[in-house]
Amino acid sequence: MSIYTRPVMLLLCGLLLLTLAIAVLNTLVPLWLAQANLPTWQVGMVSSSYFTGNLVGTLFTGYLIKRIGFNRSYYLASLIFAAGCVGLGVMVGFWSWMSWRFIAGIGCAMIWVVVESALMCSGTSHNRGRLLAAYMMVYYMGTFLGQLLVSKVSGELLHVLPWVTGMILAGILPLLFTRIVNQQTQARHSSSISAMLKLRQARLGVNGCIISGIVLGSLYGLMPLYLKHQGMANASIGFWMAVLVSAGILGQWPMGRLADKFGRLLVLRVQVFVVILGSIAMLTQAAMAPALFILGAAGFTLYPVAMAWACEKVEHHQLVAMNQALLLSYTVGSLLGPSFAAMLMQNYSDNLLFIMIASVSFIYLLMLLRNVGQTPNPVAHI
């Protein structure tokens, strides 16, 4: 029986449309703010309000799923995201845009929690890696296509908002034709995010999501700046970023399959080691293409494998809470990593971007090498 059931395929189709909209807005909002002559610190504050919304949305979505189920939570999340999009055209100004991006951030985080939790609850310990790999492939493909859309269509605010809003609403349609069962509502005991974060046997998965956030946040946010400082033109920067993201897309399926077959612990060790090698290779600047490719293939696949590791260690009814904890951990890492790396780059050297990535990866590798007690029969086996 295929792991890609009808509900899973429809869920991923909806996610693709929503991710396209997210990618377009995340690229154009800072440009719209700059065109409005807002100072850089205000542009940064609007971006921060979006990520703050991500944190807030992550915290309460589990409760929402338990109360109204996956489908209705997904509809509500999409409508909140659409409202945050429409608001940008209704009210113009720093404070109003901060508010609307905060609302959009809540909606986006809710979408991620709902989709990831639904996929984990649909799978088993034997195929969850492949399900999460498919999720990440769709997510990165949507991000990639969103960047292409930005380069091909008009970037005017009032030209973009109508079709982006329509795309968000179209993302609701696939789930109108299926129902995703929430087995958590039948559980006697609910789990909290804090309890999942404290769970000793899942700590490597939580730490892996933090490290993944640091690595990806730093690469996404600061790699273009690093390349710019190397004297590259915008077209060249776009090419190398495409290489990085493409490697992440291509690496998802093999890593997910290997993790299901040989175990997540072994695959995580190999991934982290390859991230370290890729970072060191970037410092030499001798072979940027293979260095960026292996860095993208290993770095962009850390998150789903770490998620699958953590989800092996909990009961089935705890999967939604665990997913919230993992997404929260990733978000914290993606906020801290670029901030710290940017400070190092500004005050010392651009090369410290890769030294930092290699250093945090090495610390995580030591944690993985210390763990020799991988559970042969995972708890979440159903």
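Even glycines carry a Cβ here, placed using N, Cα and C.
Keep in mind it's a predicted model, so treat the numbers as computed, not measured.
For reference, Swiss-Prot has these:
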- 1-7: topological domain 'Cytoplasmic' (TOPO_DOM)
- 29-44: topological domain 'Periplasmic' (TOPO_DOM)
- 66-74: topological domain 'Cytoplasmic' (TOPO_DOM)
- 96-101: topological domain 'Periplasmic' (TOPO_DOM)
- 123-130: topological domain 'Cytoplasmic' (TOPO_DOM)
- 152-156: topological domain 'Periplasmic' (TOPO_DOM)
- 178-203: topological domain 'Cytoplasmic' (TOPO_DOM)
- 225-230: topological domain 'Periplasmic' (TOPO_DOM)
- 252-269: topological domain 'Cytoplasmic' (TOPO_DOM)
- 312-324: topological domain 'Cytoplasmic' (TOPO_DOM)
- 370-382: topological domain 'Cytoplasmic' (TOPO_DOM)
- 8-28: transmembrane segment (TRANSMEM)
- 45-65: transmembrane segment (TRANSMEM)
- 75-95: transmembrane segment (TRANSMEM)
- 102-122: transmembrane segment (TRANSMEM)
- 131-151: transmembrane segment (TRANSMEM)
- 157-177: transmembrane segment (TRANSMEM)
- 204-224: transmembrane segment (TRANSMEM)
- 231-251: transmembrane segment (TRANSMEM)
- 270-290: transmembrane segment (TRANSMEM)
- 291-311: transmembrane segment (TRANSMEM)
- 325-345: transmembrane segment (TRANSMEM)
- 349-369: transmembrane segment (TRANSMEM)
Whether the transmembrane segment (291-311) meets the transmembrane segment (131-151): three or more C-beta pairs under 8 angstroms: yes
Number of helical, extended and coil residues in the topological domain 'Periplasmic' (96-101), per DSSP: 6 helix, 0 strand, 0 coil
The topological domain 'Cytoplasmic' (123-130), counted residue by residue under DSSP: helix, strand, coil: 3 helix, 0 strand, 5 coil
Feature contact check the transmembrane segment (349-369) with the transmembrane segment (204-224), CB under 8 Å, 3 or more pairs: yes
Winner by Cβ pairs under 8 Å against the transmembrane segment (102-122), considering only 45-65, 157-177, 231-251, 270-290, 325-345: 45-65
Touch test for the transmembrane segment (157-177) and the transmembrane segment (325-345), at least 3 Cβ pairs under 8 Å: no
Selected stretch (most C-beta pairs under 8 A with the transmembrane segment (270-290)) from 8-28, 231-251, 349-369: 349-369
Among the ranges 8-28, 45-65, 131-151, the one whose Cβ pairs under 8 Å to the transmembrane segment (325-345) are most numerous: 45-65
Residue numbers, six or more beyond the limits of the transmembrane segment (45-65), whose CB comes under 8 Å of its CB atoms: 26, 29-30, 33, 73, 76-77, 94, 97-99, 101-110, 112-114, 117, 182, 184, 193, 320-321, 323-324, 327-328, 331-332, 334-335
Segment confidence, the topological domain 'Periplasmic' (29-44), expressed as mean pLDDT: 80
